[in-house]
Amino acid sequence: MIAIYPGSFDPITLGHLDIIERGCKLFEKVIVTVLRNPAKNPLFPVAKRVEQICECTAHLSNVEVDSFTGLTVEYAKLRKAGVLLRGLRVLSDFEKELQMAHTNKTLWDGVETVFLATANEYSFLSSSMVKEIARFGGSVEHLVPPNVAQEIYLFYKKGDR
Ligand code: PNS
């Protein structure tokens with residue numbers, strides 16, 4: 001079975017990477033898909049996020065990285081994927097995640113959302129928290145893959161934002 005792991009990944013965190021690694025053991029293939037969200041003002045462009053994910057998942061043989069504009073279920077149909085993989089961190093994630101899972105089911109009945117509990121050590125971690133820490137000069141090496149940490153530091157050093 002093919003699983004899609006959709007998200008913004010702006011940027012990918014160690015929590016995301018943990019879900020990908022565990023998903024790879026459960027599914028024949030995991031397609032990590034960067035979804036373009038016109039409502040969000042991203043730190044990294046989609047192509048850069050794809051590149052970052054490719055680099056930090058290079059050790060996994062059954063991972064593919066892609067991007068898509070549109071509905072997640074349309075992408076799942078296109079790729080003949082039967083599963084949408086999502087990580088659940090804390091209780092506050094649950095409401096939004098359940099709403100998305102049910103909405104996706106109404107859009108296409110051919111896909112099931114499978115939740116993995118985020119590893120305990122990353123249950124507090126979010127991409128927005130990473131950006132906030134880095135923006136104020138804090139260290140993020142313990143929160144994101146090394147290639148991503150370097151690029152975040154570079155970004156804020158240049159004073160782009
Ligand atoms: O990493 P995120 O921001 O929590 O991911 C949210 C994402 C990208 C999975 C969600 O916003 C999404 O599926 N966007 C694509 C548009 C879509 O399919 N919307 C209907 C599902 S509720």
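Cβ coordinates come from backbone N, Cα and C, glycine included.
Residues or ranges marked as domain 'Cytidyltransferase-like' in TrEMBL: 4-132. TrEMBL lists S8, K40, T72, R86 with the feature substrate binding site. Residues or ranges marked as ATP binding site by TrEMBL: S8, F9, H16, G87, L88, R89, E97, Y122, S123, F124, L125, S126, S127, S128. What TrEMBL records for H16 is site 'Transition state stabilizer'.
Projection of TrEMBL feature records onto the structure.
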| residue | record | Cβ within 10 Å |
| --- | --- | --- |
| S8 | substrate binding site | 18 |
| H16 | ATP binding site | 25 |
| K40 | substrate binding site | 11 |
| T72 | substrate binding site | 22 |
| R86 | substrate binding site | 21 |
| L88 | ATP binding site | 15 |
| E97 | ATP binding site | 16 |
| S123 | ATP binding site | 14 |
| L125 | ATP binding site | 19 |
| S127 | ATP binding site | 22 |
Looking at the binding-site residues S8, K40, T72, S123, L125, which have a C-beta within less than 6 Å of some atom in ligand 1? S8, T72
For substrate, with binders S8, K40, T72, R86, what's the maximum Cα separation in whole Å? 19
Round to the nearest Å and give the CA-to-CA distance linking L125 (ATP binding site) with S8 (substrate binding site). 14
Secondary structure composition of the domain 'Cytidyltransferase-like' (4-132) [DSSP: H/G/I, E/B, coil]: 57 helix, 29 strand, 43 coil
Pull out the binding-site residues from the set K40, T72, R86 whose C-alpha sits within 10 Å of the C-alpha of S127 (ATP binding site). none
Please tell me which one of the binding-site residues listed here (H16, L88, E97, S123) sits closest to T72 (substrate binding site), measuring Cα to Cα? E97
How many Å separate the Cα atoms of K40 (substrate binding site) and E97 (ATP binding site)? 18
